[in-house]
Amino acid sequence: MTGSKRVLLAKPRGYCAGVDRAVQTVEEALKLYGAPIYVRKEIVHNKHVVSTLQAKGAIFVEENEQVPEGATVVFSAHGVAPEVHEQAKARSLKAIDATCPLVTKVHQEARRFAADDYDILLIGHEGHEEVIGTTGEAPAHIQLVDGPDSVDKVAVRDPSKVVWLSQTTLSVDETLETVARLKKKLPLLMSPPSDDICYATSNRQDAVKVMAPQCDVVLVVGSQNSSNSQRLREVAVDAGARAGYLIDFATEIQEEWLAGATTIGVTSGASVPDELVMEVLDFLAERDFTDVAEITTAQEKLVFSLPQELKRDMKAGAAARAAEVAKTLS
Ligand code: 10G
Ligand code: SF4
């Protein structure tokens with residue numbers, strides 16, 4: 001029925017400051033040094049971003065050993081263990097670290113508490129690159145707690161010297177539950193000095209919590225291996241949407257998902273370019289979902305500067321070009 005169908009569009013959604021910086025890092029490195037630029041792991045967990053950068057000359061590898069000696073390698077936004085930097089040095093790679101500064105902050109916390117001989121309970125998802133990177137800072141001190149049900153397995157040396165840290169892209173509510181269960185078991189458990197779940201993760205979840213109760217269906221744009229995008233789908237369903245789907249592209253939307261729906265919610269993970277969301281809106285508009293209202297729950301203004309090692313070379317490159325111009329003019 002035309003006129004009664006609407007779309008609610010969550011804001012904030014899409015790119016966070018750390019993703020924007022990481023994608024720009026690869027783009028600027030390609031411009032400055034020329035293709036190919038090697039990238040260890042997916043720079044961010046998004047199919048479209050990865051294939052777009054591949055088309056520009058980025059080569060994605062799993063490990064440093066796949067990078068030719070002396071070549072340039074960018075480390076992904078999710079962070080790496082110190083040994084990855086050491087391997088890069090051993091292969092004489094020019095490493096550019098695109099780890100989000102908010103992940104680096106968690107690494108610093110891990111190093112500091114390990115140096116003070118704390119047991120560190122890292123709440124996160126087993127096998128996720130961020131968790132592997134953070135754990136690599138102090139493997140002897142860190143144990144993983146993968147959700148509330150893994151609390152029973154936790155064993156510490158001294159219950160008065162234990163702290164929890166977390167992955168940056170977790171469900172805020174599930175993490176609160178995990179921490180509550182941990183505190184029941186370990187009443188002296190310390191909390192991180194500042195929130196480890198980042199502003200972008202919690203802002204995107206907050207917007208979905210406001211939007212989802214009004215929606216029949218919530219479409220989350222994001223890749224399957226994107227932790228924060230997966231969490232948005234779960235949050236949508238927990239907050240009252242009849243169904244939630246995680247899709248990379250508008251073309252994946254199945255007509256039966258929309259059958260009988262009058263309100264569709266749309267959002268996207270922190271690694272998702274907004275053009276993919278616009279394609280979803282176009283798809284919905286073709287099916288009479290033309291009335292789009294944005295649900296805004298926060299304004300985001302954070303911007304991170306590019307990695308120092310890249311900025312230094314960009315500056316040197318600009319200076320060399322200016323000298324060249326001056327020479328031709330003299
Ligand atoms: O949500 P995850 O951690 O899987 O990553 P993503 O690439 O989909 O989104 C951006 C988040 C990070 C780079 C992790 S801090
Ligand atoms: Fe940084 Fe948060 Fe984005 Fe991760 S999700 S890259 S921690 S801003």
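Each Cβ is built from the backbone N, Cα and C atoms, and glycine gets one as well.
Of all Cβ atoms in the shown protein chains, 26 besides its own fall within 10 Å of the Cβ of Glu130 (active site, proton donor). The active site, proton donor annotation in TrEMBL covers Glu130.
Cβ contacts within 10 Å of Cys16 ([4Fe-4S] cluster binding site), excluding its own Cβ and spanning all protein chains shown: 28. Among the features that TrEMBL reports, [4Fe-4S] cluster binding site is placed at Cys16, Cys100, Cys198.
In the three-state DSSP scheme, His78 ((2E)-4-hydroxy-3-methylbut-2-enyl diphosphate binding site) is classed as coil. Positions annotated as (2E)-4-hydroxy-3-methylbut-2-enyl diphosphate binding site by TrEMBL: His45, His78, His128, Thr168, Ser226, Ser227, Asn228, Ser271.
The isopentenyl diphosphate binding site annotation in TrEMBL covers His45, His78, His128, Ser226, Ser227, Asn228, Ser271. His45 ((2E)-4-hydroxy-3-methylbut-2-enyl diphosphate binding site) falls outside any helix or strand according to DSSP and counts as coil. The Cβ neighbour count for His45 ((2E)-4-hydroxy-3-methylbut-2-enyl diphosphate binding site), using a 10 Å radius over every protein chain in view, is 28.
Sequence annotations record features per position, and here TrEMBL assigns dimethylallyl diphosphate binding site to His45, His78, His128, Ser226, Ser227, Asn228, Ser271.
Restricting the binding-site residues Cys16, Cys100, Cys198 to those with a CA within 10 Å of the CA of His78 ((2E)-4-hydroxy-3-methylbut-2-enyl diphosphate binding site) leaves Cys100, listed by sequence position. By the rule that a residue counts when its Cβ sits under 6 Å from some atom of ligand 1, the binding-site residues His45, Cys198, Asn228 yield His45, Asn228. The 10 Å shell around the Cβ of His128 ((2E)-4-hydroxy-3-methylbut-2-enyl diphosphate binding site) contains 19 further Cβ atoms across the protein chains shown. A C-beta separation below 8 Å, combined with a sequence spacing of at least six in one chain, links Cys100 ([4Fe-4S] cluster binding site) to Cys16, Ala17, Gly18, Val19, Arg21, Ala22, Ala77, His78, Gly79, Thr168, Cys198, Phe304. Around the Cβ of Thr168 ((2E)-4-hydroxy-3-methylbut-2-enyl diphosphate binding site), 27 further Cβ atoms fall within 10 Å across all displayed protein chains.
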